[in-house]
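Working notes, beginning with the structure itself.
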Amino acid sequence: MPDLTDKQTFSDEDALDFHRLPAPGKISMAPIKPMATQRDLSLAYSPGVAVPVLAIAADIDKAYDYTSKGNLVAVISNGTAILGLGNLGHMASKPVMEGKAVLFKRFADVDSFDVEVKTTDPDEFITVVKNIGDTWGGINLEDIKSPECFEIEAQLQDLLDIPVFHDDQHGTAIISTAGLINAAHIAGKKLEDLKVVLTGAGAAGLSSIGLMKAAGVRAENTVIIDREGVVYKGRANVDQWKAAHATDTHLRTLEEAMVGADVVIGLSAKGAITKEMVASMAPNPIIFAMANPDPEITPEDVQSVRSDAIIATGRSDYANQVNNVLGFPYIFRGALDVRARRVNHEMKVACAQALAALAREDVPDEVAAAYRGRKLKFGRDYIIPTPFDPRLIWYIPPFVAQAAMDTGVARKPIEDMDEYRTRLRSRLDPSAALMQNISGAVRAAPNKRVVFAEGEETSVIRAAWGFKQAELGTPILLGREELIRKNAAEAGLNFDEMAIEIVNARVSEHNADYTDWLYERLQRRGYLRRDVQRMINQDRNYFAAAMCARGQADCMVTGVTRNFNMVLKEVRRVLDVKERMIGLSILLAKGRTLFVADTSIHELPNAEELAEIAIQAAETVRKLGKTPRVAFLSYSTFGNPPGDRAEKVREAIRILDARGVDFEYEGEMPPELALDPEQRAAYPFMRLSGHANVLVMPAIHSAAISTRLVQALGGATVIGPLLVGLEKSVQIVSLGASVSEIITAATFAAYEEGAIGEE
Ligand SMILES: NC(=O)C1=CN([C@@H]2O[C@H](COP(=O)(O)OP(=O)(O)OC[C@H]3O[C@@H](n4cnc5c(N)ncnc54)[C@H](OP(=O)(O)O)[C@@H]3O)[C@@H](O)[C@H]2O)C=CC1
Ligand SMILES: CC(=O)C(=O)O
Ligand SMILES: [Mg+2]
């Protein structure tokens, strides 16, 4: 049995930092219309806004045409059943609801906001949601406890003319049923023969068992269990929703019910299932332990007693994540795209079948790469698509939309399904895909040894641990063992468990070799042996770079405690440049990925250097999986106005023309011409086939200033500058970089040594 575990890759502090920094929360709002001029203001607000107001007053459905309603979903909770943590109040549910909202955006480009309602009274809750309901294209109810959730959802769906979908019920039912269809197939069992035990007769459990029966599981072969034990026919104090699934059975406890069962579906709480129970199940048992954040039983415990089990959990850090994240984004995408009035049974069945079918299809390499480099093939460890599968966005919603159209709940049918699929593909955020591909490629061959030069820093220790836990490669911490252990302990980490190699420069067995070797390099550059000995003994960047040069490490990360130029100077004394070295920043904004060069090396590049920068940037971008289209930026547009700097750019273009390079380039031009092909009418001779994705800046100050400006004002995410072109990859983060930034830098270092270095 393969090792299914990845173990948790973060500490509590990491989770809090993630939610706190750089700004609290996980969500923000961005306008999609310009708000720059007086005219914009007049159109967006008074008086222009009066026109759509009147149109909607005359026909309420016009809100779909003139407002964001049609792509807007509310995630609404009162916090009475937050994951499996129980009733912790409406505000405590906000991180989960914000989380669902960002997943809507990330996976299906659905705009979403969370609403936490401060009441446990179902009638009051219904009144609140009913009165704000028309604002949205759909409502995702979340983490509301049973049995109240059933009445709440049913009444709201009657009151509102948009989908009201309690995700814990139906999202979970769809995913668990899809998983069960496939798991049964793999186990060689038929749905109608399966003996199914459900532990957790709540929102998720009852809906799941209901859909499983609709898919073919026989009612008499099921047993459902709550905190009191088996819900048998005739049991006292059983509500109508549980009673609907009660069976005529002599069984009274979960232990008894599990004997000989083919399937156990856990939608209850941590630890509800024991190893002994699993041991008593039928051959090839199917165990879905779906409680969050901790499952009813861990896969490790199942494996310790049953090597023939098919196991799934709700968590992302084990194989087979059976979690409603695979459902709600795509169900709502399909429902919104036909302006559905509700999500009905047929739409849910269509979604479950589509998910089950997708898992059986051949998994393209890009998907495997995106998911930890695992070879994904339909089987015991891959019964359901992974959440990062980029096919989900165009594969699933058409089935949901079609079912809505077939059953008469679509206001606006889709006319051309092929065209719809193409449109869906373009919704996937390319910037997220880039990071995914890079991490995926590194994970696929996690064989790089990355030396973290500032190994005594707490943030670096945490980053090295995160890097190791995410299976990105082998970290090495440079520093004094005692201090590293002390700082790790203060960060709440157990260094013995982490098992990360520590190298202390002063006592390293390689110290003499590095000193001899570096002295050889530097003796005619003004350095005495004792200078070199001091550098190797006392300066972590020299030692770490020497580790890379001499083969004890593949690449390095540094910069947390010392500024870029100083670090670069030190590293350059040890490592050579391959052909040319540049700084490349990645700018992620508004669904676009732009590469900006040179953001760190050439201060005032001449024409030759500009051409070299373009060549290096294009080569790197290509190796990151993109087709480069290079624009040389300037204040000047093709000679107007003339000037010294602009002339250098023109000369760079001539150099590239003469060299006959194999990528598109053009210049000199201002950013708007580079980024927006529609503005190029006056320049029909321009040679770029689309918007530019590599921006070569005329000088380092314009490069550095512009990237920081868009980061500060435009809300763009900037990664880097990445240092490209040294003989061994060295990534220099900014002073005081966060744990995530250090991990990203280490990932790029490993990527450059692998994907780029080995080509
Ligand atoms: N993987 C996924 O995608 C999803 C997972 N879940 C998880 O499912 C669980 C239940 O959520 P939800 O249905 O919304 O919550 P509910 O509060 O509606 O239901 C919880 C149910 O679990 C029962 N239960 C609680 N503890 C135990 C126990 N130790 N043994 C047996 N039954 C128990 C309760 O019994 P009683 O009725 O007697 O109180 C109740 O029937 C949570 O852990 C949640 O995180 C939920 C949705 C999606
Ligand atoms: C996944 C989810 O919705 C839950 O655990 O409640
Ligand atoms: Mg939930």
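One is the number of the first residue shown, and numbering goes on along the chain from there.
Backbone N, Cα and C atoms are what each Cβ position is placed from, and that goes for glycine too.
Along the domain 'Malic enzyme N-terminal' (24-157), the predicted structure has mean pLDDT 95. The domain 'Malic enzyme N-terminal' annotation in TrEMBL covers 24-157.
The feature NADP(+) binding site is assigned by TrEMBL to Ile82, Leu83, Gly84, Leu85, Gly86, Asn87, Leu88, Gly89. Counting every protein chain shown, the Cβ of Asn87 (NADP(+) binding site) has 16 other Cβ atoms within 10 Å.
For Lys100, the entry in TrEMBL reads active site, proton acceptor. Residue environment of Lys100 (active site, proton acceptor) contains 22 other Cβ atoms, counted within 10 Å of its Cβ in all protein chains.
Secondary structure at Glu142 (divalent metal cation binding site), as computed by DSSP, is coil. Its Cβ taken as reference, Glu142 (divalent metal cation binding site) is surrounded by 31 other Cβ atoms within 10 Å in the chains shown. Residues or ranges marked as divalent metal cation binding site in TrEMBL: Glu142, Asp143, Asp168, Asn292.
The annotation domain 'Malic enzyme NAD-binding' is assigned in TrEMBL to 169-405.
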Compare the Cα of Glu142 (divalent metal cation binding site) against each of the binding-site residues Leu83, Gly86, Asn87 and report the nearest.
-> Leu83
CB-centroid shell, 8 A cutoff, NADP(+) site Ile82, Leu83, Gly84, Leu85, Gly86, Asn87, Leu88, Gly89, site residues removed = Gly79, Thr80, Ala81, Ala92, Ser93, Asp143
Argmin Cα dist to Asn87 (NADP(+) binding site) over the binding-site residues Asp143, Asp168, Asn292 returns Asp143
Go through the recorded positions Lys100, Asp168, Asn292 and tell me which ones have a CA within 10 A of the CA of Leu83 (NADP(+) binding site).
-> Asp168, Asn292
If you count the other Cβ atoms within 10 Å of each Cβ, which of the binding-site residues Asp143, Asp168 comes out on top?
-> Asp143
Near Gly86 (NADP(+) binding site) (Cα-Cα within 10 Å), the recorded positions in question, chosen from Lys100, Asp143, Asp168, are Asp143
Ligand 1 is in the model; which of the binding-site residues Leu83, Gly84, Glu142 have a C-beta less than 6 angstroms from one of its atoms?
-> Leu83, Gly84
